[in-house]
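Taken from TrEMBL as is:
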type	residues	note
ACT_SITE	His173	active site, proton acceptor
BINDING	Gly4, Ala5, Ala6, Gly7, Gly8, Ile9, Gly10, Asp30, Asn89, Ile112, Ser113, Asn114, Met225	NAD(+) binding site
BINDING	Arg76, Arg82, Asn114, Arg148	substrate binding site
DOMAIN	2-140	domain 'Lactate/malate dehydrogenase N-terminal'
DOMAIN	143-319	domain 'Lactate/malate dehydrogenase C-terminal'
Amino acid sequence: VVCGAAGGIGQPLSLLLKQSDLITDLALYDVVNAPGVAADLSHINTKSTVTGHGKEDMDAALKGAHTVIIPAGVPRKPGMTRDDLFKINAGIVAGLAEGVAKNCPGAFVLVISNPVNSTVPIVAEVLKKHGVFNPKKVFGISTLDVVRSSRFVSEVKPSIDPKATRITVVGGHSGVTIVPLLSKIPGFVEDLSKEQLDALTHRIQYGGDEVVKAKDGAGSATLSMAYAGARFALTLLEATVAGKTGLVESSYVNLDADAESTASFKAKHDLDYFALDVEFGKEGVKHILPLPEVSAYEQTLLDAAFPELKTNITKGASFVTGA
């Protein structure tokens, strides 16, 4: 199910998902235009059946779903802060999480709606309220940061193949919380000046602003986000449906999804959520890979990310709990 399927991310995301043979039924839900988008996509010659569901039809869209992807909400416009965004999108995401709890409590839930650092805790708290929260099944899609990192690094060093190079990005999914571990690319950082490293890191952290500015009021990163969202979703389906092993993506998750591996990290930093490399299995999160050894430069980035993340997480959780 794609919730927000008629939007700027939802339409291209649904198009990319329609191409996969791992999907038998693709349900498109949105408050407007979903039946039209569904009719259009339903003509594509792949196996999946496409259905469109409008405002009053959320339960039918979600009933018995295996995977729910949430790009619903409003995009960021020039001059809009992520706080402005939160006020609108928090309510939308909470409403969809209620629908998941009621209609498909065992579904994998993939959250794209920004601000992800806060919307993932919102989904988790709603599911907890209904007694159906499984930390192994709720993901914040931070894949766009990974996709951007691969591309931007290849622009700095053209010998690097952007498609074959997956860069671990940890932390969260906005601004200073995005920490690309560029030191893990063999021989890359050593060739950069401090200014070049600063510029590249900043570009990865604030790549979204680049698109918002270039679109000049007409939206935010929708096509690249749809690509990243589809890549994440299809990788998860490869593991959960096709049974492939050893598949890894960076994702913003609840650390209890692999409590044993994350216990010391969680205790040290007092964080319930963090983006790390995650190995997928049949149940969703099979294993959260530990934070790799980082450079001194990356440690300063992490030190800036931790307090910001804590604030974002608390904000999301208290939106639901009122605490």
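Backbone N, Cα and C atoms are what each Cβ position is placed from, and that goes for glycine too.
Compared over the binding-site residues Asn89, Ser113, Asn114, the count of CB atoms lying within 10 A of a residue's CB peaks at Ser113. Nearest by CA distance to Gly8 (NAD(+) binding site), out of the recorded positions Arg82, Asn114, Arg148, His173, is Asn114. Across the residues annotated as binding NAD(+) (Gly4, Ala5, Ala6, Gly7, Gly8, Ile9, Gly10, Asp30, Asn89, Ile112, Ser113, Asn114, Met225), the widest Cα-Cα separation comes to 18 Å. The two recorded residues, Ala6 (NAD(+) binding site) and His173 (active site, proton acceptor), have Cα atoms 23 Å apart. Residues within less than 8 Å, Cβ to Cβ, of Gly4 (NAD(+) binding site) and separated from it by at least 6 positions along the same chain comprise Gly10, Tyr29, Asp30, Ile70, Pro71, Ala72, Gly73, Ser113. Distance from the CA of Asn89 (NAD(+) binding site) to the CA of Arg82 (substrate binding site) is 10 Å.
When the Cα of His173 (active site, proton acceptor) is compared against those of the binding-site residues Asn89, Asn114, Arg148, Met225, the shortest separation belongs to Asn114. Here the Cα atom of Asn89 (NAD(+) binding site) is found 7 Å from that of Asn114 (substrate binding site). The binding-site residues considered are Gly8, Gly10; of these, Gly8 has the fewest other C-beta atoms within 10 angstroms of its C-beta. Straight-line distance linking the Cα atoms of Arg148 (substrate binding site) and Met225 (NAD(+) binding site), rounded to a whole number, equals 10 Å. Take the recorded positions Arg82, Arg148, His173: by the count of other Cβ atoms within 10 Å of each Cβ, the lowest one is Arg82. Confidence across the domain 'Lactate/malate dehydrogenase N-terminal' (2-140), taken as the mean pLDDT and rounded to a whole number, stands at 95. For Met225 (NAD(+) binding site), the count of additional Cβ atoms within 10 Å of its Cβ stands at 24 [all protein chains shown]. Note: the CA-CA distance between Asn114 (substrate binding site) and Met225 (NAD(+) binding site) rounds to 11 Å.
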